Ligand code: ADP
Ligand code: MG
């Protein structure tokens, strides 16, 4: 609703405390609802006795005169609260002289629901919204900081379970990314409005209340209640989350020294307060001046703690609280001046978006998985089966290179290595051809019987020197998986398949028993219910007729009642036994289910690796084709069978060795050009 638009200004509203003696002739609210004019007679004490009237006009964002707490919240707080739920930092701050209504505006009358202030209403709205926005998971924490004479005080330190302040005490610390936090300030997780309000009241009680000539209850300290909000989309894949801080600030009185006859401790307080307020103003003015890149936030605890929450990239709304009485007109004037200076600050609210590294990795992994699947569909369409994309170890590469070299030189008849890399080779019935990955901007002429094809290659020579560019491709398709699975179950996987079947039988049998028992238990329960109803009815009836008593005056049971009671006892025993068995059987069922699942998984995994070993290219070799390995995207592939002859037309001398090597094996190795890229 009132989320600031980039480039807008801090919003400042003035609120006057209700009074029977409103100084109408001095304070004038213009009909535009935004402008306050103050007329002041020249002070006779300063020597000029001419009753001359001076007038000042302040144009703000709104006037809150004679308005309810509810309306104040609507005009001041709601927009900032909703912004915070979207991830914008926000600050609502009241300032003005002591007694002018800052605490009334922020906290309100804690004992009166209707007169509750912005803070309780904001907390209510936060939790209301959290409930409404079920597509996001929110976590909300509260902290309550008091700054008293430049000392930081944790107003919630007394809360049970709160960790004490660590060594070094409390301090405002800067975070990476420009934020600030208060070290040692307790953060309290809150899940409901009620818990949040309890914390607010607890903190209020702990506020240091200073006696003061003007208002005995007015606080001499600054108080910042911060609602820390984190929100994540409920869809797991979304690694982004947003955080925000909603600061609800009740500043100490802004009245100037000397006015109230302060002494001693109160004088010291007043000095600190004036200092922090004047630095607050300086910080605000520096923020307002876009040419200044240094803002003196660190000069006082107040400005430092609010560094990431004043103007700049967050929503800021200020309320200037004033008295309506003539006697306070000087302070009122000073408050309004402060207010109009504050109004100059520009805001460019920015959402605090973060990326969760764990979720991000999960998301990327998912993406890789999808891409692999897509790739494998492409491969299937391109008639390349069983590719995998894991990289090859160095030894494996070396072994393959050496075999290929020997094969090409003619010293090796078959690439069929055993031992550690014993997966490359010619499998009976599902043989591999030898292929050559050829870079793509040179020309190789491939001669197939009856036609000549020219293909572009890039750095052919390098591919020759670097034998790792040689790859294998299956030269015929593996059998369908379903068929192979049946074979596997009958042979290699027969043992595990047998165990799986046995477990399944046990599982089915246990499940049947569980159903039976459930039925029994439910029947027993129904019987217990009906018997006990009958018993009660019988007793009620007996009662209305008077209690049977023995000769000695002891109550006795009649026969029907006795038999019902015994029956009930019997049923209950039976029920307990059956229930026990039911529980045991349930556990057995889930255990058997677990065993069956395990067997099934093992059967499938063993089948997969058997299938891959038996019919498909070794994974390492497949990997070379498209990732990580020596094959780079853009290389032109690759070649089935041993039928075609080829001739190389190369314009680089380093291609000659390749040409020669290939010539030696030209009778055996031929290339069929497939036009598909590997990557
Ligand atoms: P501050 O915090 O600025 O020192 P308070 O909020 O404590 O001032 O207000 C001083 C007194 O005036 C309190 O008793 C408060 O209830 C009363 N008061 C202030 N503003 C209003 C208002 N708008 N309506 C009713 N009572 C108010
Ligand atoms: Mg106060």
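Backbone N, Cα and C atoms are what each Cβ position is placed from, and that goes for glycine too.
Just so it is clear, the model here is predicted, and its values are computed rather than measured.
Here the Cβ of residue 101 (ATP binding site) has 20 other Cβ atoms within 10 Å, regardless of which shown protein chain they belong to. Under the heading ATP binding site, TrEMBL lists 96, 97, 98, 99, 100, 101, 102, 103.
Within the model, the domain 'Kinesin motor' (9-345) carries an average pLDDT of 82. Taken from TrEMBL, the feature domain 'Kinesin motor' applies to 9-345.
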Who sits close to residue 96 (ATP binding site): which same-chain residues at least 6 apart have their Cβ under 8 Å from its Cβ? 102, 253, 254, 319, 320, 321, 322, 331, 335
Is residue 103 (ATP binding site) helix, strand or coil when read with DSSP? helix
Quick one: which of the binding-site residues (97, 98, 102) have their CB closer than 6 Å to ligand 2? 102
